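Undergrad: For 78-97, 103-124, 131-152, 158-182, 203-224, 236-257, 269-286, 298-317, 329-345, 351-372, the entry in TrEMBL reads transmembrane segment.
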Amino acid sequence: MLEQTRKIGFTTLAAISAADCAAHSMNSLGPFAVGELIKSGQMTAAQAGIWSSVEMLSYAAAMTGIASHVNRVRLRQLALVAAGCVVVAQAGSAYLHVFWGLLGLRVLSGCGLGALNAVVNVGASRIGQPVFVLSFVMVVQTIVFSASSLFLPYVGKIFGQMGIFLILALIVLVFTPMMRLLPKTINKTKPVLQTAKPVSGQAIAALLAVLCYTGGSLAVWPFTERIAASVGLTPGAFGSLSAFANLFGLCVCLASVRLSRNAASLRMLSPALILTGVICIFQAWPPSWLVFNAAFSLNYALWFFIYPALVGLTCLVDPSGKLASRAGGAWMLSQAATTLLAGVAGNSGHYIWVGFLSFSLCLTSAICTFFIRPHQIVAS
């Protein structure tokens, strides 16, 4: 790990890690915001589903749009502008109480978060060691969000909506100066694009694998705080559980960094996807708080292994980073659709059917990975 870090450069890894933490701030901490909005009566579960879906669709649109111009993307400038958009959107959400206004700010937030995620994926692809880079930045992300999960419930209890969103804005603001360390260079691998045509079938399989996994594993994610409350967990207990899940994820991240140097992680990918599908059923409809805790922690931790491996596959299929950026857009598009469904189901309090949908999507993702042969791509 130290050898790979020296080869890539610590400052570059630190800069990409900063962009990654900002890009995934709502993915990891968003349930606290959604929980606060529902608990305070600001939104119903269905409205919260729409609210989350609008952000995800904007996220997807930003990543898909950037993918079309990936060869001209200047990482530093894009990251700084995107971070500014997120800070403005989160700070504005702290003081706004009109549903349509909050919805408009989710468009701004989603575009900024999507652009930041594109910076991470394109940067990892350009460096040439995508699985290692993505696993490394997720280690950093895990540490940051473990700490945040511990105190965010208490901020919400004391300061409500204002406190939650100001903290979310502050997290991105703190990481913004580090993004100035991102390289200013543009992509110099244009010849690779011309040789990518023979693997178009594998590209489709890789994109579909990401789309199905993310939509399935994250379908009820924005509502996990509410599901936790339904089995008797207080906001503080859910915060502690989130911190534990992050630490569990940290262990998985460290293992993934070591496994990224060989094919072991790819061999374990399909079984991990199927296991996640089973876990999603129990996370969506837990019979007890103990089952929920176990399902939540396992799903959370497995994400830190599966997601970098899947995005790493897209980078191996297309080293330009275009497919990786589109994969991020596919993630948000699929999660937006399944989250909207979960929000409607949440109005009646029944998430079990969302759990079965999650299982079928994760199973489809596992099947797709069988059609991807990264070693053949690397060899060519």
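Each residue, glycine too, has its Cβ placed from N, Cα and C.
Keep in mind it's a predicted model, so treat the numbers as computed, not measured.
I'd like these features described in context: how deep, what's nearby, how far apart.
TA: Sequence-distant contacts of the transmembrane segment (78-97), counting only residues of its own chain at least 6 positions beyond either end whose CB sits under 8 Å from a CB of the stretch, comprise 19, 22, 25, 33, 42, 66, 105-106, 108-109, 111-116, 118-119, 161-166, 168-169, 172-173, 175-176, 179-180, 182.
Residues 1, 28, 31-32, 35, 131-132, 135-136, 138-139, 142-143, 145-147, 149-154, 157, 224-225, 228-229, 265, 293, 296-297, 300-305, 308-309 of the same chain, all 6+ positions outside the transmembrane segment (236-257), place their C-beta atoms under 8 angstroms from a C-beta of that stretch.
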Undergrad: List, by number or range, the same-chain residues at least 6 past the transmembrane segment (203-224) whose CB is under 8 A from its CB atoms?
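TA: Tertiary neighbours of the transmembrane segment (203-224) are 27, 30-31, 34, 45, 48-49, 52, 196, 238, 273, 276-277, 280, 283-284, 296, 299, 302-303, 306-307, 310-311, 313-314, 317-318, 323, 326-327, 330-335, 337-339, 341-343, 346, 351, 354-355, 357-362, 364-365, 368-369, 371-372.
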Undergrad: Establish whether the number of Cβ pairs under 8 Å between the transmembrane segment (269-286) and the transmembrane segment (351-372) reaches at least three, counting only pairs separated by 6 or more residues.
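TA: Contact between the transmembrane segment (351-372) and the transmembrane segment (269-286): present, because at least 3 Cβ pairs are under 8 Å.
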Undergrad: Other than its close neighbours in sequence, what residues sit by the transmembrane segment (351-372), given a CB gap under 8 Å and a spacing of at least six beyond its ends?
TA: 201-202, 205-206, 208-213, 215-217, 219-220, 223, 227, 266, 269-271, 273-274, 276-278, 280-285, 310, 313, 317, 334, 338, 341-342, 345
Undergrad: How about long-range neighbours of the transmembrane segment (298-317): same chain, 6 or more residues beyond its ends, C-beta under 8 Å?
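TA: Non-local partners: 121, 124-125, 130-131, 134-135, 138, 142, 196, 199, 202-203, 206-207, 209-210, 213-214, 217, 242, 245-246, 248-253, 255-256, 260, 265-266, 268-269, 272-273, 275-276, 279-280, 283, 323-324, 326-328, 365, 369, 372, 374, 377-378.
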